[in-house]
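Participant: Structure in structure tokens, see below.
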Amino acid sequence: MWTSRARFFFLLPAVVWIFAFTLFPLGYSLYLAFYKVETRTEVTRIQEPLLDAAGEPVLRPDGTPRTRSVVSKEQRSIAEFVGLANFRRLWVDPQVHEAVRVTLLFVLMAVPTQLALGFLLALLFNQRIVARPVLRTAMLLPIFATPIAVAYLFFTIFYEAGGPLGWTGIPFLSDPFWALVSVAIVDVWQWTPFCFLVFLAALQGVPDELVEAARIDGASGLDILLRVLLPLLQPVVLIILLLRLAEALKLFDIPFALTGGGPGIATQSYSFLAFRTGLRFFDLGYASAMAYGLLIIVMLIVTFFFRRLRQSYG
Amino acid sequence: MAEAALPGTASAAPPAPRRLPSLAEALLSVLAVIATMIFLFPIYWALSQSLRDPIETFTVAGFGIPWIDFEPTLDNWRDQLAIPETRRALANSTVIATGASLLALLLGTPAAYALARFRFRLIPNRDLTVWFLSQRVLPPVATVVPFYLVMRTLGLLDTQLALVLLNATFILPFVVVIVRQTFLDLPRELEEAALVDGASFWGAFWRVALPLAMPSVAASGLIVFSFAWNDFILAITIASREAITVPMHMAGAVDTRGVQFWFMSVRAMIAMIPPVIVALLAQRYIVRGLTLGAVKG
């Protein structure tokens with residue numbers, strides 16, 4: 001019964017949609033990656049007959065129609081096949097190296113912190129505490145707060161002259177290293193609650209008897225944590241790690257709003273650089289090559305994890 | 001018999017819910033409250049700043065508590081909401097996020113149903129699901145250049161339509177994966193009975209399965225609404241004037257006169273309130289949703 005042809009009728013619209021809006025653009029940008037694309041604005045002037053309100057041509061005294069000049073601007077892209085030149089350039093471009101370094105450093109700072117903090121908070125909230133539902137709900141707010149708004153918000157918090165953290169004397173946004181730390185802090189603020197929430201859900205799924213049994217067998221709190229809870233939570237840790245890694249590598253909104261990539265290019269993430277190259281400097285071919293670099297890395301991570309995760313979608 | 005009801009006697013009844021917390025629990029509770037307050041502080045700070053007179057931005061003492069540290073005013077809110085651009089951004093974001101969510105539900109729910117119920121032979125269901133899932137981790141920056149060029153060719157730059165289409169693309173996999181899980185959790189016997197009674201597959205889906213799955217379908221609609229609302233990279237790729245969204249409008253708060261914290265705070269609040277409220281409505285589904293169905297909350 002469930003192998004009827006009708007199944008395609010249900011599935012195909014979504015598949016076709018993704019082909020049209022994801023795979024086609026990806027194919028297109030792969031094609032672009034082999035070209036050097038220059039966008040020029042061409043200005044053309046056309047003489048058009050001038051019409052009056054009734055739509056009749058307005059005539060000069062000598063009987064010829066009056067004209068007006070219409071200026072039209074058109075962006076035209078000129079593409080030249082350059083083979084692998086864009087990819088070679090990607091390999092040696094110091095801006096790209098810096099962006100890769102910045103992105104990786106960011107991931108290394110932000111993702112483990114989120115996981116660790118989220119786990120600690122989940123352990124805390126898993127105890128018998130007062131008003132847990134209310135606090136848990138309050139912890140949800142950062143997850144859905146608009147990232148761009150959050151980043152601007154933190155701009156006011158990190159403001160060095162008179163902001164609420166001004167007393168620390170830390171050059172949050174003006175020092176290259178601290179600026180990246182600040183970007184990571186914003187990400188940690190936004191995504192720790194996510195890790196917390198998922199860990200808490202997983203912890204609450206651990207049967208109490210298991211922990212009780214371990215305790216009766218004389219296991220200490222640390223033993224229970226390391227030998228009972230962590231092994232049980234391992235699949236969840238992997239899922240969170242995968243999702244956060246894939247997201248963190250796309251880092252774009254926070255540096256865009258918080259630091260503008262600065263000071264200098266100290267917080268210019270890879271996505272940010274690719275975006276600037278493509279849609280600010282209109283070096284479309286090179287930007288496409290750059291985007292492919294990121295795509296390949298994300299896909300590698302995803303494939304690596306999906307091997308292990310496929311079971312959960314059986 | 002009366003003895004059993006006396007306090008302190010053999011505990012036949014479950015532990016009284018209103019007992020006082022122990023010292024350790026009290027300490028842990030305090031810790032939890034402090035942690036929550038730290039995470040809420042930036043949002044609170046935005047609210048506080050948005051209610052201050054601009055000249056008080058940096059002069060307010062302490063934690064900037066309204067009525068205690070300063071006299072709150074709604075002037076910044078009134079000023080911001082009076083700007084036509086703010087209203088346009090709000091209208092655009094509402095239309096775009098709603099349109100994209102509806103479109104994603106329209107395409108995604110039947111696909112989710114297909115993956116949950118039917119058996120595909122050429123490519124097994126599991127691989128199809130993972131394929132949808134892998135779209136979700138796609139970096140948007142990898143597609144913005146072609147999107148820009150395609151929309152330019154179609155003459156759709158700076159239109160709501162383009163942003164509806166593109167946002168729908170990025171939230172579609174989410175809908176498919178989440179709703180699929182819901183259909184899997186429903187007993188298929190109901191639909192099979194309907195099919196035996198002569199219903200079409202569409203009828204079984206539309207009249208039997210979908211109504212049962214509705215809470216989860218609605219919840220995933222709400223969650224993807226927040227995603228689409230929060231999008232920034234697609235918006236700045238496509239929009240420039242007419243189709244600006246709230247996050248883009250937010251980015252315009254930094255102008256040549258410098259950063260105007262009071263306006264920025266109002267705009268940040270305007271941007272954050274809708275997605276946060278909408279997501280809270282779908283609270284029960286958030287864990288499952290954000291882990292793409294891999295963890296059941």
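From the backbone N, Cα and C atoms, a Cβ is placed for every residue, glycine too.
Okay, so TrEMBL annotates it like this:
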TRANSMEM  B:26-47  transmembrane segment
DOMAIN    B:90-282  domain 'ABC transmembrane type-1'
TRANSMEM  B:95-116  transmembrane segment
TRANSMEM  B:128-149  transmembrane segment
TRANSMEM  B:161-179  transmembrane segment
TRANSMEM  B:217-239  transmembrane segment
TRANSMEM  B:259-282  transmembrane segment
Participant: Who are the chain neighbours of the transmembrane segment (B:95-116) in space, where the CB to CB distance is under 8 Å and they lie at least 6 residues beyond its ends?
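Facilitator: Answer is 125, 128-129, 132, 160, 163-165, 167-168, 171-184, 205, 209-210, 213, 217, 220-222, 224-226, 228-229, 243, 245.
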Participant: Run the contact check on the transmembrane segment (B:217-239) against the transmembrane segment (B:128-149): 3 or more C-beta pairs under 8 Å, excluding pairs closer than 6 in sequence.
Facilitator: yes
Participant: Where among B:128-149, B:161-179, B:259-282 do we find the most Cβ pairs under 8 Å to the transmembrane segment (B:26-47)?
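Facilitator: The stretch with the most close Cβ contacts to the transmembrane segment (B:26-47) is B:259-282.
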